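**Q** Quick one: the structure is below, and I'll ask about it shortly.
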Amino acid sequence: MINSLKNLLYSNFIGKVLGFLREILLAYIFGTGSIIDFFRLCNSLVLTPLNLFVGNSLQQVFIPNYKKKDNKIQFVLSISIMILILSIILCLILFIFAGEIIESFLGAEYSDGEVHIATNFLKIFTLGIPFYVLNWMIIYTLNSNKNFKENGRNILNFNLVLIGVTAIFLLFPNVYLIPASFVLANIFIVIQLCYKYSKKIKRALRSLKKLTFALVFSENRSFLSLWMPLLVYSLFMQIYILVERWLLSKEKGLIAASEYAKVIIDTPIFLLTLPLATIGLTYFNRNERSITNKIVSMLFFVTLISISLTSMLYMNQESIIRMLYYRGNFDEESLTLVLSILKFYIIGFAFFSVNTFLYRIYNAELRNKELSLVIISAHIIAFIFMIVCYQLGYKVNIIVGYSFIILNAIQFFILICRIRLNIRSVVRSAFFKKLLLINIVYVLIGFLIYNLNENQYIHYLLIMLWITVFLYSAYILKKEVD
């Protein structure tokens with residue numbers, strides 16, 4: 001298990017560092033200007049519906065089902081055909097109605113010329129949809145075979161292409177290069193994966209001749225019966241993202257600011273949670289106590305590290321933004337916009353990171369319907385909160401920020417209270433006591449120093465101290481799950 005984790009963590013780390021570099025490059029070139037607003041909005045308009053049927057919900061059902069199938073090639077081809085058909089329909093809808101969709105989001109502050117640019121951005125983005133889907137279907141199949149290397153390399157190569165195309169903009173400043181980077185990155189990854197696994201892909205394609213409509217229909221019908229509960233809650237999650245984008249688009253620069261804020265938190269959270277959760281889902285076996293203890297140990301690690309990470313980010317938010325972004329076209333106005341929403345995201349992501357892991361545990365225990373009810377209920381409450389606050393005239397950043405905290409906090413408390421895993425043995429272990437102690441000590445020392453001294457060098461010291469705490473905690477976890 002630990003070797004798989006190392007492979008996934010290494011590639012993910014490099015990939016996310018490159019993603020960070022691209023954000024810094026975009027901040028330098030555009031700041032929080034209209035162009036980056038359009039790029040973020042169109043990215044969400046494409047990825048939000050795509051993630052409905054190619055995101056985590058698909059993986060959470062695909063991997064357990066793949067392991068149970070005798071004819072695995074038939075299963076993969078049948079599901080891939082269904083997903084590709086859905087993606088092509090989505091591609092056509094977004095391309096044909098791009099203008100109407102953009103106008104429904106952008107406020108009156110934007111000119112006709114800006115709306116035209118945003119519409120073209122969306123049309124370019126849609127061209128990458130089929131390649132994006134093929135890419136992830138191959139990755140999920142490899143993950144099902146406990147081959148996690150490509151999962152991380154996918155992120156690595158994707159960000160390499162994005163950085164390359166964005167850097168070309170500095171030499172040839174054409175704004176349409178920015179959305180084109182999404183298309184080119186997905187085409188590159190599909191070509192690379194097809195070349196590397198050409199023998200297996202050719203064997204799978206030869207099996208297409210044996211497929212009949214009845215076989216494909218039967219396979220997808222049984223798959224959909226398991227996937228549907230996850231699709232329902234995934235639908236609420238994606239609608240929430242679109243509503244959030246719609247609200248943020250009412251004020252210029254807020255979409256860009258929210259993404260700059262999210263990447264500061266999303267990157268370490270992604271590195272902490274998703275590799276552990278993906279591997280935990282693959283190895284999960286409720287009947288083996290040693291495996292369940294390892295999963296619970298991972299859960300405690302994610303929880304405690306998320307709390308200390310949240311504390312570190314909250315204490316150093318302005319210093320971190322200045323260190324990462326404050327150059328080029330990213331000015332004081334951009335800094336103020338990012339700070340106005342970052343503090344809310346920091347608190348919300350502490351719950352979000354643990355929730356991501358808890359989702360996997362509920363999926364592995366086949367409690368998808370129960371999970372769906374929890375997530376749907378939380379989203380309904382968040383929607384009501386957003387609508388009421390918007391009608392009362394509250395600022396957009398406050399509405400979006402508090403709704404994000406409420407959404408994730410509700411899910412966390414319900415899911416953690418209803419978890420069935422036996423956590424007592426791990427709580428009593430030396431592993432947990434060490435992990436708890438070093439993270440509590442860090443949080444207490446951090447807030448004490450933060451309240452006594454506002455010097456920026458003290459902030460950098462706290463960042464380095466947290467990195468030390470994280471590495472030592474990871475070492476303790478390694479010994480526990482090895």
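Cβ coordinates are placed from backbone N, Cα and C, and glycine is handled just like the others.
Below, the features straight out of TrEMBL:
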TRANSMEM  20-39  transmembrane segment
TRANSMEM  75-97  transmembrane segment
TRANSMEM  117-142  transmembrane segment
TRANSMEM  154-172  transmembrane segment
TRANSMEM  178-197  transmembrane segment
TRANSMEM  223-243  transmembrane segment
TRANSMEM  263-284  transmembrane segment
TRANSMEM  296-315  transmembrane segment
TRANSMEM  335-359  transmembrane segment
TRANSMEM  399-419  transmembrane segment
TRANSMEM  431-451  transmembrane segment
TRANSMEM  457-477  transmembrane segment
**Q** Mark yes when the transmembrane segment (117-142) and the transmembrane segment (457-477) have three or more Cβ pairs under 8 Å (sequence separation 6 or more) and no when they do not.
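**A** Output no: the transmembrane segment (457-477) is apart from the transmembrane segment (117-142).
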**Q** State, in range form, which of 20-39, 75-97, 117-142, 335-359, 399-419 has the highest count of Cβ pairs under 8 Å to the transmembrane segment (154-172).
**A** 20-39
**Q** Any contact between the transmembrane segment (399-419) and the transmembrane segment (335-359), i.e. 3 or more CB pairs below 8 Å with pairs at least 6 residues apart?
**A** yes
**Q** Sequence-remote contacts (6 or more beyond its ends) of the transmembrane segment (117-142), Cβ cut-off under 8 Å?
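**A** Residues 35, 38-39, 41-43, 45-46, 50, 54, 58-59, 62-63, 66, 76, 79-80, 83-84, 87-88, 90-91, 94-95, 98-99, 101-102, 106, 110, 148-151, 154, 175-176, 178-180, 182-183, 185-187, 189-190, 193, 197, 201.
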